[in-house]
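Notes to accompany the following structure.
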Amino acid sequence: MQEIIASVDHIKFDLEIAVEQQLGAQPLPFPGMDKSGAAVCEFFLKAACGKGGMCPFRHISGEKTVVCKHWLRGLCKKGDQCEFLHEYDMTKMPECYFYSKFGECSNKECPFLHIDPESKIKDCPWYDRGFCKHGPLCRHRHTRRVICVNYLVGFCPEGPSCKFMHPRFELPMGTTEQPPLPQQTQPPTKRTPQVIGVMQSQNSSAGSRGPRPLEQVTCYKCGEKGHYANRCTKGHLAFLSGQ
């Protein structure tokens with residue numbers, strides 16, 4: 001009715017201008033105060049707020065998808081710098097630990113999300129391709145679908161909204177499993193008497209090796225021969241004095 005009599009879209013009251021320009025808004029007495037009940041700062045959204053941490057309005061940056069669990073208890077000290085959402089939104093609550101760990105939660109009024117474990121299971125790329133060697137023991141989900149005949153022929157007019165399956169014959173990167181290569185078995189080589197004699201002589205020479213005589217041992221502490229370093233009585237700096 002008021003639009004028929006006279007349009008007031010071009011009229012702006014002083015109160016609306018004061019709210020938009022934040023006239024009369026006093027800065028906070030100290031930074032880090034709880035501003036969860038305050039409005040969003042319009043100047044910060046335009047990168048034009050000069051009050052910084054003393055601004056009485058909320059500074060929201062980026063897309064925050066999870067509610068801050070410390071803010072729910074009134075214990076979050078980060079304020080606007082918190083990377084989580086300071087807003088009670090049931091769709092953005094963190095996942096319930098007890099339901100995800102044990103499959104049940106005794107709290108009838110649990111504020112956290114109860115996500116069905118089956119919804120977390122990913123589809124098996126091998127089964128979607130046509131065959132999975134793990135069968136029912138596969139840790140991924142095997143979903144039975146009816147293949148679209150038009151897509152197999154070459155073109156489906158329904159596109160992504162088709163109720164039948166459009167198979168994808170390529171596998172995602174990082175999920176391909178290559179079967180182990182068969183080990184190349186070599187026939188055992190026959191040892192001739194000459195080879196056996198050489199091996200026996202090598203084993204006997206290796207077994208006959210013992211500690212070297214003291215005349216060939218040089219002490220690295222004093223530089224003299226005739227004893228090991230752990231038996232040296234002249235100290236570890238004896239080679240500097242030339243003793």
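Cβ atoms are placed via backbone N, Cα and C, with glycine included.
Listed ranges 1-18, 217-234; the one Swiss-Prot annotates as zinc finger is 217-234. Across the zinc finger (90-117), the DSSP tally of helix, strand and coil residues reads 10 helix, 2 strand, 16 coil.
Secondary structure of the zinc finger (143-169) per DSSP, as helix, strand and coil residue counts: 8 helix, 2 strand, 17 coil.
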